[in-house]
Number of protein chains: 10
Amino acid sequence: MKRAELTEKLLDMKREKGWTWKYICETIGGHSEVLVVGAILGQMKLTKPLAAKAAELFGLSAVETAMLNEVPMRGEGITMPPRDPLIYRFYELVMINGPAWKALIEEEFGDGIMSAIDFDMVMERLPNPKGDRVKITMSGKFLPYKYYGATGNNAEYGFREE
Amino acid sequence: MKRAELTEKLLDMKREKGWTWKYICETIGGHSEVLVVGAILGQMKLTKPLAAKAAELFGLSAVETAMLNEVPMRGEGITMPPRDPLIYRFYELVMINGPAWKALIEEEFGDGIMSAIDFDMVMERLPNPKGDRVKITMSGKFLPYKYYGATGNNAEYGFREE
Amino acid sequence: MKRAELTEKLLDMKREKGWTWKYICETIGGHSEVLVVGAILGQMKLTKPLAAKAAELFGLSAVETAMLNEVPMRGEGITMPPRDPLIYRFYELVMINGPAWKALIEEEFGDGIMSAIDFDMVMERLPNPKGDRVKITMSGKFLPYKYYGATGNNAEYGFREE
Amino acid sequence: MKRAELTEKLLDMKREKGWTWKYICETIGGHSEVLVVGAILGQMKLTKPLAAKAAELFGLSAVETAMLNEVPMRGEGITMPPRDPLIYRFYELVMINGPAWKALIEEEFGDGIMSAIDFDMVMERLPNPKGDRVKITMSGKFLPYKYYGATGNNAEYGFREE
Amino acid sequence: MKRAELTEKLLDMKREKGWTWKYICETIGGHSEVLVVGAILGQMKLTKPLAAKAAELFGLSAVETAMLNEVPMRGEGITMPPRDPLIYRFYELVMINGPAWKALIEEEFGDGIMSAIDFDMVMERLPNPKGDRVKITMSGKFLPYKYYGATGNNAEYGFREE
Amino acid sequence: MKRAELTEKLLDMKREKGWTWKYICETIGGHSEVLVVGAILGQMKLTKPLAAKAAELFGLSAVETAMLNEVPMRGEGITMPPRDPLIYRFYELVMINGPAWKALIEEEFGDGIMSAIDFDMVMERLPNPKGDRVKITMSGKFLPYKYYGATGNNAEYGFREE
Amino acid sequence: MKRAELTEKLLDMKREKGWTWKYICETIGGHSEVLVVGAILGQMKLTKPLAAKAAELFGLSAVETAMLNEVPMRGEGITMPPRDPLIYRFYELVMINGPAWKALIEEEFGDGIMSAIDFDMVMERLPNPKGDRVKITMSGKFLPYKYYGATGNNAEYGFREE
Amino acid sequence: MKRAELTEKLLDMKREKGWTWKYICETIGGHSEVLVVGAILGQMKLTKPLAAKAAELFGLSAVETAMLNEVPMRGEGITMPPRDPLIYRFYELVMINGPAWKALIEEEFGDGIMSAIDFDMVMERLPNPKGDRVKITMSGKFLPYKYYGATGNNAEYGFREE
Amino acid sequence: MKRAELTEKLLDMKREKGWTWKYICETIGGHSEVLVVGAILGQMKLTKPLAAKAAELFGLSAVETAMLNEVPMRGEGITMPPRDPLIYRFYELVMINGPAWKALIEEEFGDGIMSAIDFDMVMERLPNPKGDRVKITMSGKFLPYKYYGATGNNAEYGFREE
Amino acid sequence: MKRAELTEKLLDMKREKGWTWKYICETIGGHSEVLVVGAILGQMKLTKPLAAKAAELFGLSAVETAMLNEVPMRGEGITMPPRDPLIYRFYELVMINGPAWKALIEEEFGDGIMSAIDFDMVMERLPNPKGDRVKITMSGKFLPYKYYGATGNNAEYGFREE
């Protein structure tokens, strides 16, 4: 069984039952909605207790439940550059603003990256008389580039100066 | 003169003078830092008054100042998929989470997109004992897909049901 | 079930019944033909009432009807650059004239874009003794780039000067 | 001399003189603005009389004037898929709606294409209280696919049934 | 049903019956061999009378016959750049000679293209003692680029000077 | 010196002198126009006597003349897929009709290719009241695939059955 | 039936029977091993007598046997650039040494190519105390570029000087 | 000034002086060789004190020294997939073994990644009678995927179960 | 049967039985875990005795067992550049550090490569109070580029100077 | 200085002096012609004594001579897939025959590759009344895939069964 086939099955059940994502997320619980929806869509792993709840909700077999508890091959089945307009707009933001973000983060934090792994994100609706807005708040741990020393694989794992 | 050559010249002066981005943004003022840095890097336009301040700071010619006031061919000179690790992490976030964001936004707002044009963004440092975090707050206007009617190019520009 | 499989089924029924697009659009009604045909081809969403009419026409199951009411992953299953000569000619128009359109729109409207979301379009046959012509009239809302201020995520969502 | 270098020179003069596209098009005259701007940007040819006017306006050499009168290698120097948001939106329209346009044109006109060569286009500003709109009216000659006969290279160049 | 599946079925029948292309083309008749073979391979449309003859020959259902009478999504299922040596050689001819053809056609005809739609082609065997040759004679209508005037969408659809 | 720089120089002189391709081809003589123009554009080699005539016409140095007599790195500097509409139409013909050509040539000649090396081509203007046509006659030697035997590198270099 | 499906069936039988390639090639006979294996893998055609022997060995139907006697769409189903290390090394040899081979062949033979169609190849094991070597001997007919004359499609099909 | 131009200048001086990498790394000191060489080649940043030593060694201007202290746009100027055989072999290792590494790391550590930022690496020569070997020892911090909770942007930044 | 289908079957059984990779590797034994897991995932070959053990564990047919003993088409079914974050980080290491590795290896060993074929690798967990680390030790045989002499295919197979 | 600029300079001198490759190779001596020409074209390294001879012949500076003695970034500046017909034919041979070569080499030698590093090659002219042939004899060391054991980085570096 491929993860994409499991996704297809889960979505068909969602259609058949008329469930909303909100209902699914509340029933499975535990994690943020982005993570639970991501797992249903085949990009995230559900922990064992949550996979069990999902199995109950969707009536899954043992193999299917185990698959939901596996880390999927992330990024599979996704078109890049995105073609769907909603997703493309995020891609465009990264493309156009990436260099400026890099300049500002490096000036503030030094050489390193914002982690996409130790990363948190909340999406909210922001009412606005000119048209409601999508508000996204995210934070990722800054990971400084390690400047390891000439002596090699030492206990310190590098040091950092400016 | 190409915009990339102007960018190169501005960055060389920044290096020579030892200016920080913070200093440049404060001197030019007006817009958010992301926008001003983006303009220096050739991805954004500075309005006339700000372009004038930039011209004063960097000692620019009339042609160069006019160029800063032009909308550039955005996205030019940028490698996609990004190769720089800092920018790539944002790209990865879009790639992995894009489908989940789409599902959640569409359930909340209906058919449409979060605008990448009517869009605001703030970047902050979030102190944290386990390692400081990059906090990004952004909001974009939700633009509903117009479902224009069968009568065509009418005054209403479409209507919207669910 | 994949959206592409639903499309395939709908097209087979169209072939079997000998229906024209005009007939299908009139029966489903409500929206412009471009939107209804787009939904049948898997690129657009039908609102609930229209999806119900389509379900009646094509004899669809609940899952299939729900799928027609979903926003599809737009752009999926489409070859880009287009290879079909009819579609390629439109692509060529954008490729060759894009920079001139950008220059003229920005001079007239300022920094921004023509929305592809708040967008309307009518296609007509223009009789002509030298050979009939395809006439396309379209209008999209101009969306000005927001130049948000240095104070960040403020209530105004930016301001705009030239 | 490369056409791109001529374009660069013409744009620098436009910046230096503070000319608008409107002014340039009125001075050169003759063709629509899309064509004249396209020629300045290196994608179109100016006829001899118009190239002469352009030469006078920009102070061009004989070689440069001759180059403006040449059909350029169209599409050169253009990023595809477009990255600039303004141009990308047109690309997105073709990508998402292409199959529906194909279905509707072929049902109305039969097998063939809308010419991108025998093609006319006007861009207008459409005032609207909810935000002005970009209105584009275009018409292209419909060219039916020739279904030439089994006898080959005959005088008729094919015939056409449905 | 996908067009590719219909193609597969037709080719299997050709193999089973041991038919040659010549036999198929003579039985279906009407058009040139390139067009009939192209339709069997899923790249061309057969007119209704010819589709009927093909249906009789291959024993097709109503849906399959209707599909043969549809304009297919041309170019689908074709590898580009071509990998098959026979097809690649034609691609190579276009790649290497394209710029020279452009220069010569534009000098002779002015700004425009040779139509790939109003286009005729005959392939013949040319006996030669050093090895027989493939002789291809083709002619396409020259389509001049329309230089429409500044007054826009006028009745004349442009004019043309040199 | 790069071949592209030589091409640029030759084209500048053509512009300055106002020479036509016809004049250049007649002056250099010897080969067909496609070959001579191809050599000026950097895709073909001129034999020594013709390179000498070109040198005289364009006033070339010894290094430049030697370069014209070299086989260039063919295909360099050419955009593929072609973007220029005139060249793209030829590409489209190969893409759409390639499989049919393959089927017909192989049925007539057996397994093999039409040579793109031992290849001849003439382009003519075909007057036509409905619009003049571009007529192209080409012939390439058919090269049968060698089915060499199990004994390997033998004197016969293979044999051929059906 | 697709050629890839036939390949899959033939390989499954090879696995089931435990046949070696050597056994298969000897049983089918006639051609070199490279050609016979290539045909089983879907890249080459078997002549009628050899296809008959293959049919006997593998127990093929008439349709399958006819398919083995067809020229396949060569290059289909092959990943390029190659990812398999064994095949990649050959690709690397062409990539790194291609320009040198071109220079040496053209100096020795003049303008032209080594045919990949009239081409023979033998692979041998070369015992060597430091590790056995793969020895490949190949020869392809040199095909000179035809420099056809200005008079066009003449009986001579060009001439050739240096 | 572009970073690539600085790299070119540094390499020319290395050639002129006949310096080895070992000598350069010892003179600049501080970091591991991989990092210092990476900085000279434009992929890493030298801290201020090391950039000063490099400036002394190579005789750099203030702008050049500042550039060496900047985080470069990493990955720029690098061909991917790699073409150089030495680098390609590493790429091949990732391509072929990536899925197995993923399976084993996830089973041992859970959902997460090995950091490429908090990462250390030593390269050594391993003498071996059958031919010396390149020994590479590397260690990267394991970063667990954060499974943030449904309450959103909380102080804990997620929790982790299996 | 395709290798990907066998992989799918093996993974489903692993899920059903709840086996760990460690258990599978210990049961099959013989090789390193990277190799055995790679074979299950379709990128490596199991020797006959190990394939037999795998067949016993998974209950495989003769065809399936033979397939596990075949060298697969390596690299098939793998997305490049990798999208999964865990695998991408390795790719990033090669991309960013490749040129430095090349410089250092060539200075130490001369012209050549580190073999990806005669290659060994061990992965370990390195406990660390700041977060455990993934430790990878690998060694590959250095293969010097052969500088074969002018006399050609001689017994020495080249010599090597600096 | 870039290697490509050195190549350009060397080729210009070759043109100016009218040297053949044969003359250059004989003067520099030592290696096979493929290697020497490859070094001149920027894909190979000349050992110190040969670089010295090349320096004398071409009158090179110390920096240029040092560059000829460096291992270049191989594969740089080469178009892939090749466009030049002569080089493309070799690429086509690998593409079409690669899978068959893989099958035959693996059956004869087991799991492994033919080295592209420990590799020798001779090119000869083979006179033939039907047209001379290019004969290429090459041999590469077979490198067996190492099947290292479960105990890891041991002294044996793996073992090999079938």
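Including glycine, each Cβ sits where the backbone N, Cα and C put it.
Annotation source TrEMBL lists domain 'Cyanate lyase C-terminal' at G:76-148. The annotation active site is assigned in TrEMBL to G:ARG89, G:GLU92, G:SER115.
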| field | Conformational class of G:SER115 (active site) under the three-state DSSP mapping | value | strand
| query | Reported as an integer number of Å, what is the Cα distance between G:SER115 (active site) and G:ARG89 (active site)? | reply | 21
| note | DSSP output for G:ARG89 (active site) maps to helix
| note | Same chain, |i - j| six or more, Cβ under 8 Å of G:GLU92 (active site); the result in sequence order is none
| said: Give me the count of other Cβ atoms within 10 A of the Cβ belonging to G:SER115 (active site). | reply: 21
| task | With a CB cutoff of 8 A to chain H, go through the active-site residues G:ARG89, G:GLU92, G:SER115 and name the hits, or write none. | result | G:GLU92
| said: Is it possible to get the count of other C-beta atoms within 10 angstroms of the C-beta of G:ARG89 (active site)? | reply: 22
| said: Under 8 Å Cβ-Cβ to anything in chain F: which of these active-site residues pass, G:ARG89, G:GLU92, G:SER115? | reply: G:SER115
